[in-house]
Amino acid sequence: MRVESLECKHYRNLSDVSLSCPEELHLFVGPNAQGKTNLLESLYCLALGKSHRSRSHKDLIQFGQNHANIKASVKRGQQGVRLEVKLSEKGKKVIRNGIEQRKLSQYIGTLPAVLFAPEDLAIVKGSPQIRRRFLDMEIGQVSPTYVHNLTQLNKLLTQRNSLLKQLAQKRNAQFSLLEVLDEQFIHISVQLWKKRFQFLASLQEWAKEIHRAITRQQEELLVEYRSSLPISALQDEQEWGNLLKQELEQKRDKELMRGSTLVGPHRDDLYLSVNGLNLHLYGSQGQQRTAALSLKLAEIELIRQETGYYPILLLDDVLSELDDSRKTHLLEAIRGKVQTFVTTTGLEGIDPETIARARIYQVRQGSITELGG
């Protein structure tokens, strides 16, 4: 997988950027708040159809403009693909080879991408919502069906929560409608759980192996799925559905009181431990960073395993957050395999060999200039 060219127009502070980027490694250097992160965000938006930093696409349009555009020519093996994301005040369009994709699930996965930024350390130490988002974004890149099911789940949650509030206030709502929504919710939840367990089994194997290598066989990383229900990968789908149905019935009064759905995939979490130690609660900063790095490198290998292609890698000012040992392991793990885009405030701390094989750019006030060849 290779991005061969990139164009950004009116994307945040990137007024008009055009890059030829067929090489494996690209370093974008400059002070903070100049546009480095915006450039990586544009690539992420091109890959996933949305930003990782903003819920509203309107925030991505340059101040004073009414539209933004991102285009790229991508090489998938021997196949060339043209991708485009158009943003306007009216909405967003994702386009592949000149054809608008009506559903995001039809678009995601064309350009797999893995982003690693300082805030990704929150995968370990942050809230369950962050870990669920990590799962959802990565599974979505290898499974269009998962994206579709996740969209359906969110719609059902909105409808169900609204109905719960109406029922609690006795406003012309019927419990029979809640039963219909529950059936749909149970079906979609089971499909999501099935894919999450499958994905996590593979992710765990890769992450454990990578983590052992980084820690020189001293630490054993365990990644487990923790559901709001007592379910496990050893149970079948019918058992999951029955358990969810029972739990929804038992929590009916609480849900009516709160006006929200209290059990389901949207309430689940990942549990990470090293040598039996809960990383979220007791892990040192170094252990948390090693676990986050292991998960990201595992993600790369898993995407290759599922799609046949390595994703592109976006490293947003993350090298400065890693010590020399972790930094070396990261750069060696991706060398010769993964096209990588790196942002940094300076080249200090990056080894000369890495600098020598990279294409280097200066980023200042939204303008990007190549430094040498």
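Residue 1 is the first one shown; counting continues down the chain.
Placement of Cβ uses the backbone N, Cα and C atoms for every residue, glycine included.
Annotated features in TrEMBL:
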type	residues	note
BINDING	Gly30, Pro31, Asn32, Ala33, Gln34, Gly35, Lys36, Thr37	ATP binding site
DOMAIN	3-345	domain 'RecF/RecN/SMC N-terminal'
Q. Cβ distance under 8 Å to Gln34 (ATP binding site), same chain, sequence separation 6 or more: which residues?
A. Asn13, Val363, Arg364, Gln365, Gly366
Q.
My understanding is the cutoff is Cβ-Cβ under 8 Å with a sequence separation of 6 or more in the same chain; which residues meet that for Ala33 (ATP binding site)?
A. none
Q: Could you name the residues, excluding Gly30, Pro31, Asn32, Ala33, Gln34, Gly35, Lys36, Thr37, of the same chain that surround the ATP site, i.e. Cβ within 8 Å of the Cβ centre of those residues, in sequence order?
A: Thr343, Thr345, Val363, Arg364
Q: For the binding-site residues Asn32, Thr37, work out the Cβ neighbour count at 10 Å and name the residue with the minimum.
A: Asn32
Q: Would you count the other C-beta atoms found within 10 angstroms of the C-beta of Pro31 (ATP binding site) for me?
A: 11
Q) Which one, from the binding-site residues Gly30, Gly35, has the smallest tally of other C-beta atoms lying within 10 Å of its C-beta? A) Gly30
Q: Taking the Cβ of Lys36 (ATP binding site) as the reference point, list residues of the same chain whose Cβ is under 8 angstroms away and which are at least six residues distant in sequence.
A: Phe28, Val29, Gly30, Asp316, Asp317, Thr343, Thr344, Val363
Q | Integer mean pLDDT for the domain 'RecF/RecN/SMC N-terminal' (3-345) | A | 92
